Every structure is written in structure tokens, then in C-alpha cells.
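*Asks:* I have a structure I would like to understand better, so I am pasting it below and will then ask my questions one at a time.
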Amino acid sequence: MAAAGLVAVAAAAEYSGTVASGGNLPGVHCGPSSGAGPGFGPGSWSRSLDRALEEAAVTGVLSLSGRKLREFPRGAANHDLTDTTRADLSRNRLSEIPIEACHFVSLENLNLYQNCIRYIPEAILNLQALTFLNISRNQLSTLPVHLCNLPLKVLIASNNKLVSLPEEIGHLRHLMELDVSCNEIQTIPSQIGNLEALRDLNVRRNHLVHLPEELAELPLIRLDFSCNKITTIPVCYRNLRHLQTITLDNNPLQSPPAQICIKGKVHIFKYLNIQACKIAPDLPDYDRRPLGFGSCHEELYSSRPYGALDSGFNSVDSGDKRWSGNEPTDEFSDLPLRVAEITKEQRLRRESQYQENRGSLVVTNGGVEHDLDQIDYIDSCTAEEEEAEVRQPKGPDPDSLSSQFMAYIEQRRISHEGSPVKPVAIREFQKTEDMRRYLHQNRVPAEPSSLLSLSASHNQLSHTDLELHQRREQLVERTRREAQLAALQYEEEKIRTKQIQRDAVLDFVKQKASQSPQKQHPLLDGVDGECPFPSRRSQHTDDSALCMSLSGLNQVGCAATLPHSSAFTPLKSDDRPNALLSSPATETVHHSPAYSFPAAIQRNQPQRPESFLFRAGVRAETNKGHASPLPPSAAPTTDSTDSITGQNSRQREEELELIDQLRKHIEYRLKVSLPCDLGAALTDGVVLCHLANHVRPRSVPSIHVPSPAVPKLTMAKCRRNVENFLEACRKIGVPQEQLCLPLHILEEKGLSQVAVTVQALLELAPPKQQQHQLSAV
């Protein structure tokens, strides 16, 4: 009995040891259900695989994740997996996508994460229902072309060895998410702009140098291009209106600068909009595509709705919830209709007038006033209205268009080139009117007895019409040539008149300037009534001749004769200067050809010394000659004006010489070459601080200098540099009266004062350096 018990114990021990070691006893099936051991033997693996395949056949979801599979399970042939919609083969050791998985025609989701896949077979084209593909953390070097022919919506290919993306990637029209991060991609093909549905693009940790401009047309919501080598964000990216998240850290960005990028998306897009407004004329055609906006201002403050996905930038929630947000308002939509109705009413009114006047022809006198209205109408109306105007009756006398009136018409055409008179339209108008009048005057009742005579005289009538048209066209052409010649003569006479007026004014002013020491108040002398300005009624135009007179006075320097506005009284029509009445200019004006202005206008046109040009001339001469207005009695002579002008020119030459010396001093001391714009080069104070440290080391302890990421200093840092420079000059020993102000440097308005300060600073340099520097200069 004891021996039997020992044998049973030994057998039990052997059984347990065998199970623990993973072996199998003959006739004993070990598994999780047997309760002996954890169940990690080959039998348990095969049983779990079979169970997973059975579940996939029932549910359509195949889950074989984390099983260290090197190939697809052979037992899958015993199950019907054609209806599988989701397959998870992640965390295995597959070297390629299994061929068996490529026959699941109903597959929509395929996860091959973290395998050893180097190749994607062409049989994957069988998966025409596949919308999700995860092939991340594999060993792919390229994406095959046939992969781009699938109806994918999500493609995740991160953590591979991809060098580039195929150009056929543009065929993925339904792709909404593309993740190719952590690869070795150097360029993104321009065909990516064809991905019309792309919402999420992740190209993080690649070798990208620039971003394609075609991305600006995509409705991206999330964009991640961090950890690359990108230096510039294209200006056209301001059109990414749906963008909500942009990640761009760990890039050597220069545009926008780093200090703007760290502030976030809103500041980045504001910078891009500002740059677009600056360089809008110079942008390539791609950036200047029509966007539905009129200007940069409208892009910054747009109220255009973009649907549920809105980045919050470039959009304003105005509370307008109408469906017609992009439709024109009623005011603008009704405008063409109203214009069409008004035009139609005018045309109907003219036709009714024509019908009323047809019975009784009204012969007009062809006067200047009537023709002026007619020619204004031709100038300002469209071609359709010109044709309608032809229907209105005119006088039968063609000679009423005198050469004087045609000269006026031609003058209007020359002076208003924007709306020229069309001589062809006038000629057609004359021919049509002559034909209608001729037919109306020779019209007879159509009686049966006159039908034969009408047919017999048809040829004679047509011949007469032809001769009449030729004669009429010759007359109009000759009148037009006369008008052109008269217009040219008018222009020549006008130029000659202006020259004579200017000479007369200059002679008069010189004469008054020579008499100014003898008269105390030349403008207040009421006996002679002399004035250095001619009356405005003796000139052709209202402001041009006055401006010419002011320019003549500026040349002579008679600005002090201008009185104050409160003390100056406009001259009456009878107070014209006698000298000016007898001047040749006035005679030329009054004896000019017949197309001059009416005499009534010349007599009733008063003088307006308070006009804009008058005040502008007073202000210009006052600022040029003196710091404050002078009394009328202090009229300078021509010699004093010449001396002031010479003094100003000498002062300017001295300033230029000081600036040139300043440039030479700085370039010699610091061994640098300054740009042509010296003021802009010294604005930030960096060069001046280095110059102070060159004269005495460590006189400026800290200098703010620009960096590649921030190429331009802020105004606060520039001011700090300038103040440090001036403080260093003060400590070195530059006298206070020779120190310039910070504004002289910051605003580039006092380079001569800066030159004086630098000269005083260099005089305090060590003797050897000073002597060597002076000898070099």
C-alpha cells in the first residue's frame, strides 16, 4: 500500500513538471480549460488562433495583434473570411502584406503597425473598399504607385524610411488624413494640391527645406511641419482659412521671424497678410489668383462664412445667420435693373418726342448753346444712346456748325481725352439727318397715278442721294480740319499768352522791388492801386495763371510783399492796375480768337486772393525765406534773396562734407564699408557703440545686436544702444554742447550733429591712433 502511494505521488509530480515545462503527456490535452498550468504552449497558441479566426468569420473583425507572426496563419483557409471588414495585424514580424489579406474584398480597415514590411504587393488593389491603412513603424523606403489607386481616407506611414512621396499621391481624392512623419522626405510633390479633401497633414521630423505653395488651396485643419529645415512660410498660406492648429517648432524660420512664430497662429497669419499687402504687385500668378476678395483690407476683415469648420482667423461672427451670406445684397442686385429701367424710360421719352415733332419740323437756329448741350450729350452717353439721339430732329441748315463751335468741340476733345468726341458719330449723325430731311421734304402721297413715276425716278433719286452724301462728307471733313487747325492755333496762342503774362509780371515785380526803398507800404497805397498780382479776369484760366504768377514771384524773391489775410481786401472790378491794363498780356487775351471766354464773365469775375494757391504761395515763401511772417513793410530785395539762397547752399555743402567725413571716420576705424544710406545704417546704434568701444574699450558694456532670426532690432533696443553710445561719449569727455540728441540718430534727421559728436569723440582717442587716422583721411 505504501509503495502504491509513493508511485502515485511520483506520477503526479512528473505530470505537473511536464505541464510546467510546456510538454504534453500521451493522451492528455493541455490547455487553458484543463486547469493545469497557464496555457502558453503551442497548443494554446494554435487554439487561440483558431478562436480568433472563428470570431472573424462570425463578426467580420480579425484581430491577430501581438502574436509574433512571420506569415499569415495557415488555418485561415479553413474559415470563410471574405466578409472581413477590419483586420489588425499589428505588432508582428510580417515582412510583407500577406496575400491572403489582399483577398478580403470587403476590408475597410487594415492595421499593419510595427511589422517588418519592406514591400507592398500589387494585389492590394483588390481592396477597393479600403479606407484606413496604417503601415507605420515598418521598413518601407517608397510608397508604391498602386497604393495611390485605393479609396483611402486615412493613410498613416510614419516611422519608415521614406525618401519621397510619389507624384501619383494626387490621385487619392478622398484622403482626409496623411501622416508621413519621422521619415527622410526631402520634398513634397506639387500634386499634393489635388487632395481636395485633406484635413490633417503631418510631415513632422523629415528633411524638408521648403513647403509647397499648393497646400494653400487645401481645406487643412491641422498642419504639422515641425522638426524640419524650413526657413520661410509662403505668403499664400494666409489663405488657409480653416486651419485650427499649426505646429512649426524646431525650424530655422526667418519669415515670419521667430519672435512672431512663438506668439501663435494669429500673429503668424497677420504677418503673412501684411507681407501680402506689401508685395502684392510683385507676387507670382499663383499667389494672385482670384479669391473673392477685393483687397488686403477685406481679407483682414472678412465676413465670409466658411461652414462649421472655421479657424477663427479672418472671420467675424456678425450674428448674420442668413443662407444668402455669399449672395449680393438687395441694393446692389437691384441696381442694374433700375439703371435699365431709367435707360428704357429715356429712350421711350425721346421716341415720343420724335413722333410729336415729326408732323411739324422745328428749325433750330443752330446756336452755340443748343450745340453745347448736344455735344455734352454725345460725350457722356453710350453708343446706344447716341443712336437714339440720332432720331431727334435737327435744323436743315448744315452750315450752322460754325468754325468757332467746331473749334470749341475740338478743344474739348484735346483737353478731355478721357471722353473724346467721336467724329465718326458726328458724321453719321449728319448723314442720317440729311437723308431723313431730304426724304421728308420730297415725300408725296402714294397714289395709284404716281406709282409709275415713282419707279421711274428711283434711279435719279439714288444718284442724287449719293452726290448729296459725298458733298456732305466733304463739308464735314473740311470743317473738322478747320477745327483742328483752330485748336492748334488756340493752344499756341494760349502758351504765348502765358509767357507774355509771366514776363509782364516779372518786369512789374522787378520795377516794384527797385522802388521798394522809396515806398513804405506799396500794397496799401490806394492812389496807384498797384499790386504785384494781376487781376484774375485778365487770365484764361482761374488757377493756372495765378500759380504761374506765384512761381514768377518765387524766382524773384518778393514773398514779403504778400499781406496777411486779415489785412488784405479784394480789389473791385474797377481797381485794376493801370500798368497791367496796358500790358501786352491783357491785350493779347482780349484780342485772342473768337473762342475765348465771354466778356461778361471777364468783367464779373472777381479777384480771390484767399484761394488755396494764394495761401500755398505765401506759406512756401514764408518757410523758405524766414522763420516767421514778415510785415508788409519789410520787403526784401533781389540781392537779399540771392544772399539767403547762397547761404543755404553753402550750409548744405558744409553738411554734406561733415557727413562724408563721418562715413570716412567710421569706415577707417571699424574697417567696414557702410551702405549708401548712412542714416539707416546708424539708426540702431550698433555701429556707433562699436566705435565708442574702439576709442575706449568697454566704454559700452552691452550692445544689442540683431540675429539671423530677428534681423531688425526693436525701437526700444535701438534707443538703448543710442543712449549707451551718448553716455559713453559723455564719460570719455565729449563736451555737452557737442553731443547730439538721440532723435538725431533714431530719426536720421541730424547726421551733421552726429558727425560733430563723432569728430569730438575721435579727437579724444589715443594720440597714435588719432595721428594715423588723420593722415589716412
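Here, residue 1 is simply the first one shown, and the rest follow in order.
A Cβ is built for glycine as well, from the same backbone N, Cα and C atoms used for every other residue.
Features from Swiss-Prot:
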type	residues	note
DOMAIN	652-765	domain 'Calponin-homology (CH)'
MOD_RES	Ser324	phosphoserine
MOD_RES	Ser415	phosphoserine
MOD_RES	Ser419	phosphoserine
MOD_RES	Ser611	phosphoserine
MOD_RES	Ser628	phosphoserine
REGION	382-648	region 'Mediates direct interaction with MYO6'
REPEAT	81-104	repeat 'LRR 2'
REPEAT	152-172	repeat 'LRR 5'
REPEAT	196-218	repeat 'LRR 7'
REPEAT	240-264	repeat 'LRR 9'
REPEAT	266-290	repeat 'LRR 10'
*Asks:* Counting Cβ pairs under 8 Å to the repeat 'LRR 9' (240-264), which of 81-104, 152-172, 196-218 comes out on top?
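*Replies:* Between the stretches 81-104, 152-172, 196-218, 196-218 has the largest tally.
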*Asks:* Taking only the residues in the domain 'Calponin-homology (CH)' (652-765), give me the average pLDDT of this model.
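*Replies:* Taking every residue in the domain 'Calponin-homology (CH)' (652-765) and averaging pLDDT yields 88.
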*Asks:* Would you mind splitting the repeat 'LRR 2' (81-104) into helix, strand and coil residue counts from DSSP?
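*Replies:* Helix (H, G, I), strand (E, B), coil: 3 helix, 4 strand, 17 coil.
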